[in-house]
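First the structure, in the form of structure tokens, and then the observations on it.
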Amino acid sequence: MLKILEYVLPYTDTIMVVLLIICGIYYSFLTRFVQFRMLKSVFKILTERNENHTKEHISPFQALMISTASRVGIGNIAGISIAIAAGGAGALFWMWFMAFFGGASAFAESTLAQIYKSKDNTGGFKGGPAYYIKKALGSHFFGAFFAFILIITYAYGFNGLQSQTMTSAFKVYYDMFNPNATTDFASSSWPMIIGIILTLFGIWMFFSHHTKIGKVSSLIVPFMALAYILLAFIAVLINFEKIPSVIVLIFESAFDFKAILGGFAGSALVIGIKRGLFSNEAGMGSAPNAAAAALTSHPAKQGIIQAFSVLIDVIVCTSSGFLVLFSMAYFNVGADGKPLLTAMPLVQEAMREYYGGFGVHFITIAIVLFAITSLIGNYYYAQANVKYLTNSKLVMNLFRITAVAMIFIGSQMNLKLAWNLADLTMAFMATTNIISLLLLGGIVNKVLKDFNTQQKSGIDPKFNASKLGIKNAECWD
């Protein structure tokens, strides 16, 4: 199976990367760079109170935390490390590039999700790309196809990867406590034990109401991200004299066109954008599922919030990138010129250089918390799309059981297989969503202009779909 994935991925990755760039640039200019222009509105939107809010609804802040829980995860630590180890320091630049334009894509997809959301049987809201593909483009088939691909990607591909990476974070402790062991970590009982613990956590979370997911995410994510960024910032200050040389290294690697043309699929450009997408999810079609569930007075508000979430992700990604590039571990290379360590071991070794044993313990705790919140966010997205396909309680319970089982399976998986499987499903999902976004630019622009007009008039923007001639937006008429 690994050989098949390695054969197919260069083609799917190339198509996805080209479409991501086109979509990000298109929406950035169409919206006049809304991802930066409307940043000043973020705090007000996050703290606004809605008189219609009930326990069935989630707040704009909880929607942000759910999407950030999924964005700020394994991709920010292990994914960045893998990208830099495989594609060179320039991969970090292309992550910045994609996030710079990707914020506009995030705005578009989450705004559309709010416009075309539906009420669920609890009185809350549900929505996402599957809904706007069906309602705005009139394609029930492709809406269902997207929902199916998202379920496979998040509940199985991504959550399997989260579980695998979290399990691998404990390898350093196995080596520490078993220096004379005759078996390696993968062959020991540790992955099995860790997998069982993660599975029990999955059972507890996946069978609870989705508002609990929002509460848990909003509690953990801010502290987790701030602590990680703080330690990374301290490491940068300690090594401030290295900043100019690291910046030069990043740009030299990013614009090594000989390397790019010699192997496009394995270049810093493709690897950086691909890992950037896995991390910030801008344009992938995942965050709109959380954005649609929020109770707000205007769709553009959630679009602005989700664009801001991409910025949060960039800060965490940059922290991870600098941690690795400032360390000696990155320059400990093999015969192929690439670092001997990658993924979690590379980050753990970098943290050991800065903070000794505390650094290793901290990054392990961080990866556990990042992975847990990502498991929650990923499950929420998949669950929303199961509801799109069917309201059957039997199907939902079967989905929950298989999603829990995948957590255990992932904890036993090989690193390369886990990442390749996630990459393939991600490519299909992102490509489907991006094509739909490119077809719906007119609606996004119309809604943004309506928001700006009301805001300039000094009133809190309220949305009315029928006044703008937008059909099939039943929650806004």
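Using the three backbone atoms N, Cα and C, a Cβ is placed for every residue, glycine included.
TrEMBL labels come from automatic prediction, so no person has curated them.
As annotated by TrEMBL, transmembrane segment applies to 15-34 (among others). Residues 98, 100-105, 107-108, 269-270, 273-274, 277, 282-283, 303-304, 307, 426-427, 430-431, 434-435, 437-438, 441, 444-445, 448 of the same chain lie 6 or more positions beyond the ends of the transmembrane segment (15-34) yet place their CB under 8 Å from a CB of it.
Summarising the annotation, TrEMBL assigns transmembrane segment to 63-87 (among others).
Among the features that TrEMBL reports, transmembrane segment is placed at 137-156 (among others).
Marked as transmembrane segment by TrEMBL: 189-207 (among others).
Sequence annotations record features per position, and here TrEMBL assigns transmembrane segment to 219-240 (among others).
Per TrEMBL, the feature transmembrane segment maps to 310-331 (among others).
The transmembrane segment annotation in TrEMBL covers 354-382 (among others).
Sequence annotations record features per position, and here TrEMBL assigns transmembrane segment to 394-415 (among others).
Residues or ranges marked as transmembrane segment by TrEMBL: 427-448 (among others).
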Interface present between the transmembrane segment (394-415) and the transmembrane segment (137-156) (three or more C-beta pairs under 8 A): yes
Outside the transmembrane segment (310-331), six or more residues from its ends: residues with CB under 8 Å to it: 35, 39, 68, 71-72, 75-77, 80-81, 84-85, 89, 92, 95-96, 99, 102-103, 106, 225, 228-229, 232-233, 235-236, 239, 242, 246, 249-250, 276, 279-282, 339, 341, 346-347, 349-351, 353-354
